[in-house]
């Protein structure tokens, strides 16, 4: 089994996160047994890793230090992170490298499409770093990646996990017009924690973005996720759930925050599996089509299976909606 240190970034925080170098080390909590996972290394994992490297692609699985990488890559599931490995934001929780990104690689959409075809994916998740340096925040690049995948793998369903496109008018419309099957944008934490956890973002802007997706294309599934263990109160989480339902979000994910390095935001506590289960029950009662809530839940974990469940839920509810008209 992987130790606590196995799940921490092995590169110095000063290298990947220069803006955090001056920060004092934050306290660390020992992980409970329910957080521990097996270290990756299966032959199937190695095969996925080989395809990713051959196509010179970046995955959020690696960059964010996802604890589920061994399980997902063994199933040939990978979440591709486009537009480079360097983010223009500096969120207190995130392990993705920060700094000044390079120019966009115009060949990347085709390389991603080639990898999706080679892996034989039935469902793929595409995410990105924040690119505040680009006039459209990278929206056109998202659209080009979607088009390239559709061209090579027309039966593959596509899920995008986007940045907030803050102060990028028209960017959201470009991505929605490209017709992904699922549009995911994570709130990450409750409103009261944004200043300390996600200072470059705005809670109500992110909510409005999710609401706007449904206004632009009601057929798209919308999705959002948060982390627990950042010091939030239960009532704040329940309010966030209500906010997401008001924005007509279909699917919510809730997982445990894990501290990447001692320079990152401290883990306030490890939330028990029973508490995660209670949030799932409450979310279903509030009207989400689907809830995924557990310590190791991540946005892209079991994304393909979840998409199939989402479609089935919507189809099951359709006759009820028609009867009520």
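Start at 1 and count along the chain as shown; that gives each residue its number.
Cβ atoms here come from the backbone N, Cα and C positions, even for glycine.
The region 'Disordered' annotation in Swiss-Prot covers 1-31.
The compositional bias 'Basic and acidic residues' feature in Swiss-Prot is assigned to 8-31.
Residues annotated as [4Fe-4S] cluster 1 binding site in Swiss-Prot: 61, 66, 72, 300. Of all the Cβ atoms in the protein chains shown, 27 others lie within 10 Å of the Cβ of residue 300 ([4Fe-4S] cluster 1 binding site).
Annotation source Swiss-Prot lists domain 'Radical SAM core' at 73-289, citing sequence analysis.
Secondary structure at residue 91 ([4Fe-4S] cluster 2 binding site), as computed by DSSP, is coil. Take the CB of residue 91 ([4Fe-4S] cluster 2 binding site) and look out to 10 A: across all protein chains shown you find 20 other CB atoms. Swiss-Prot lists 87, 91, 94 with the feature [4Fe-4S] cluster 2 binding site.
Taking the Cβ of residue 72 ([4Fe-4S] cluster 1 binding site) as reference, residues of its chain lying under 8 Å away and at least six apart in sequence are, in sequence order, 61, 66, 78, 79, 300, 301. Secondary structure at residue 72 ([4Fe-4S] cluster 1 binding site), as computed by DSSP, is helix. Per-residue pLDDT, averaged over the domain 'Radical SAM core' (73-289), rounds to 96. Within 8 Å of the centroid defined by the CB atoms of 87, 91, 94, the record's [4Fe-4S] cluster 2 site, lie the Cβ atoms of 89, 90, 93, 95, 96, 98, 129, 130, excluding the listed residues themselves.
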